[in-house]
Amino acid sequence: MQLTAVGLNHQTAPLSIREKLAFAAAALPEAVRNLARSNAATEAVILSTCNRTELYCVGDSEEIIRWLADYHSLPIEEIRPYLYTLDMQETVRHAFRVACGLDSMVLGEPQILGQIKDAVRAAQEQESMGAKLNALFQKTFSVAKEVRTDTAVGENSVSMASASVKLAEQIFPDIGDLNVLFIGAGEMIELVATYFAAKNPRLMTVANRTLARAQELCDKLGVNAEPCLLSDLPAILHDYDVVVSSTASQLPIVGKGMVERALKQRQSMPLFMLDLAVPRDIEAEVGDLNDAYLYTVDDMVNIVQSGKEARQKAAAAAETLVSEKVAEFVRQQQGRQSVPLIKALRDEGEKARKQVLENAMKQLAKGATAEEVLERLSVQLTNKLLHSPTQTLNKAGEEDKDLVHAVAQIYHLDK
């Protein structure tokens, strides 16, 4: 089985498809273990973020697609148009580019590297990685570090978190006059909340499934921040001007009815809602309501493109470095795959040498001259070593040009 990757991202699939194929963080360890023990793959890493779901495997790409469809209980033909399947070399290049932020919605964004490390850690804990994927991701992390150190690809990038504040500022003139509600307390919400906190909003509230985690984030923010439970949302939603949500829930947390009731109490005051979750936390129908301004990760594209032109110059240098590293890695892997063949070839050569030497010793014992024995030995050794290649070439003829070219290369006859 060969190294391969199957996936979809923000470039190939809309949010409505991506959310159907996302893996919840809590379910991912079991999923990657299941995949690596299925008929589809022998090694597996699953990367699932708001912008991509990718399965890096040693396996059969068609069976991996089938597994993905079955896991999410979807018809295979519904998802196939949005998927890409990559061969060994394409998989290596793709992994390097993703880790370097070259394939991200935000060119050069650093968060993806941490997400890949989390995915690899989960696979390692489930013993779902073997020699091939371990080698791939060790090199991936090394290349990502080198690209980010030696190029300016990540400089001045507008992150999804900072873009959230920019978007709110397009609707409200002063963040300092606003009440801001964060739904969830994970990494994305922590990043977004940090940017909002720098603008000193009037009030910040973190709603989470557990109060302790919400309080922990409030303590980090160190401003007017207070915790609450998700169950409090229907009663408090109307008090907030800005709502940012990013949880791991597989079902919407905020429905159209809840927002309708909040808007009535707000008396035509606008409600800015940013849903950064995949699957979505806020029902899409909320966007149809007057005075509700609902944005999703796909709506952030234009905002995060700010400064992209300057970063694209750095990206060109990064792409060159990635290409060099891909070629280097592929050569190393092909060299390792050739080790058993090289050993077998040398064993055959040694076997031929011993046979010819044994015959030569017998000839010397019978009184043949050294000159005669050496002449016969050299002819026999030449015949033995070239018999198989010559026979194979005669059978192949001119039709198998790849074989003819390979033999010419091996014996340096193509000069």
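Quick reminder: no glycine exception, Cβ is built from N, Cα and C everywhere.
These come from Swiss-Prot:
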ACT_SITE  Cys50  active site, nucleophile
BINDING   Thr49, Cys50, Asn51, Arg52, Ser104, Glu109, Pro110, Gln111, Gln115  substrate binding site
BINDING   Gly184, Ala185, Gly186, Glu187, Met188, Ile189  NADP(+) binding site
SITE      His94  site 'Important for activity'
Thr49 (substrate binding site) versus binding-site residues Gly184, Ala185, Met188, Ile189 - nearest by Cα: Met188
Most crowded position, judged by CB atoms within 10 A, among Ala185, Met188 as binding-site residues: Ala185
Rounded inter-Cα distance in Å - His94 (site 'Important for activity'), Gly184 (NADP(+) binding site): 31
Substrate site span - longest C-alpha distance across Thr49, Cys50, Asn51, Arg52, Ser104, Glu109, Pro110, Gln111, Gln115, in Å: 15
Shell list (substrate; ref centroid = CB of Thr49, Cys50, Asn51, Arg52, Ser104, Glu109, Pro110, Gln111, Gln115; cutoff 8 A): Gly101, Met105, Val106, Ile112, Met160
Shell list (NADP(+); ref centroid = CB of Gly184, Ala185, Gly186, Glu187, Met188, Ile189; cutoff 8 A): Phe182, Glu190, Leu191, Val192, Leu217, Ser246, Thr247
Coarse DSSP state, helix versus strand versus coil, of Gly184 (NADP(+) binding site): coil
Candidate binding-site residues Gly184, Ala185, Gly186, Glu187, pick with smallest Cα gap to Gln115 (substrate binding site): Glu187
Which listed residue (Thr49, Gln115) has most other Cβ within 10 Å, given these are binding-site residues: Thr49
Shortest C-alpha distance to Gly184 (NADP(+) binding site) - which of the recorded positions Cys50, Asn51, Ser104, Pro110: Cys50
Distant-in-sequence Cβ neighbours of Ser104 (substrate binding site), under 8 Å, six or more positions away: Asn51, Val98, Ile112
